[in-house]
């Protein structure tokens, strides 16, 4: 979970790491939360380069994420709002606006977010707390108070051996707190005790030196603070990846300021026809094919992990900005008939039945691409006889042409009742099937 995710660079890096795990057969998802709905949509846009990513974007106060997700996440990132004084070199406005009050004002919110992050983290999982500030009130003081509250259930992780080329300094064990022109080493009456340094006895078991401080002068960077905390308690965490409520809870009223919700395609009147046409598994629409309220003519395919998280939200508490960056797998035409899209053909290829699939060789694919009209129509009589016969067997409607040589993706098409075949790939996608894929025009290689 990324609790303060916008504008999206951190989430993008997390997605790249998770995608590598998914390629090896793993499972998982990332919940990226951002309070501001406009910044959340910017985050969605930033992550579009990974269209099949298992990502859920929500709009909540980080410290108020729904309780039913406690203990769900293996890793939680809390890159909290801060005074930003570590970015003075690039953000010179801070020179004129900085005040010692900035840190003391932000401290309670930062502590609330870290406490919530530890609740979301499962036993044995890790929480990364970070700021771009160097003020110990925003850093070590927050971590120290979280350790006081959790006691033996949470411990700081020693990460000094990680990234050995990164120059860093250990966390502080003592600091003063400014009030006006006065510096305090102990809390005066009426002050937050969590602002101040730990006692000598606390400092021994907290081991705040395990925190990481990155100073700008060490490697010509900005100033950063990072602390890695681990849940060391043995209490079992609930696993939503193995158990989830019935899928009917996917249908939800829209959140007032987000106006996006999802419902399963299973209950739609068009599902039986789509399922039989493409030979899809019967349980696919109940779990991974979803309709969005704002785009009712498009069916989205989401990862299994995202689907299970949505069903786990039985109290309908999540305010969705976007769920899973779902692949638009099917789209309805003006007659209400759903056809597989180009993106859907690629995403659903492993589960497509043979009913609507036509295999073709390299020559057939070149014939198809070379005879495309401006509106992406092809006259079927120009195709090789074997491919033409197979398309006739499939009959009018959506279909997938599957090249039988390596390195070429499937093509989504619509077989017209007349003599035409319409290619559903966009012009930019069609270009990817030519020179980069080794599909030169027939004239370039001669006839086969």
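Cβ coordinates come from backbone N, Cα and C, glycine included.
Here TrEMBL flags 132 as active site, nucleophile.
Feature annotation from TrEMBL assigns S-adenosyl-L-methionine binding site to 4, 5, 6, 7, 8, 9, 10, 34, 79. Cβ environment of residue 6 (S-adenosyl-L-methionine binding site): 34, 36, 39, 40, 42, 43 lie under 8 Å away, each six or more residues apart in the same chain.
Sequence annotations record features per position, and here TrEMBL assigns domain 'SAM-dependent MTase RsmB/NOP-type' to 1-232.
Using a 10 Å radius centred on the Cβ of residue 132 (active site, nucleophile) and all shown protein chains, the other Cβ atoms total 19. Annotated pair residue 79 (S-adenosyl-L-methionine binding site) and residue 132 (active site, nucleophile), C-alpha to C-alpha distance, rounded: 9 Å. In this entry, 4, 5, 6, 7, 8, 9, 10, 34, 79 make up the residues listed for S-adenosyl-L-methionine, with the farthest two CA atoms of the set 13 Å from each other. Summarising model confidence by region, the domain 'SAM-dependent MTase RsmB/NOP-type' (1-232) averages a pLDDT of 86. Annotated S-adenosyl-L-methionine site 4, 5, 6, 7, 8, 9, 10, 34, 79; additional same-chain residues within 8 Å of its Cβ mean position, judged by their own Cβ, are 2, 11, 32, 39, 43. Here residue 10 (S-adenosyl-L-methionine binding site) comes close to 2, 77, 79: these same-chain residues lie at least six apart in sequence, with C-beta atoms under 8 angstroms from its C-beta.
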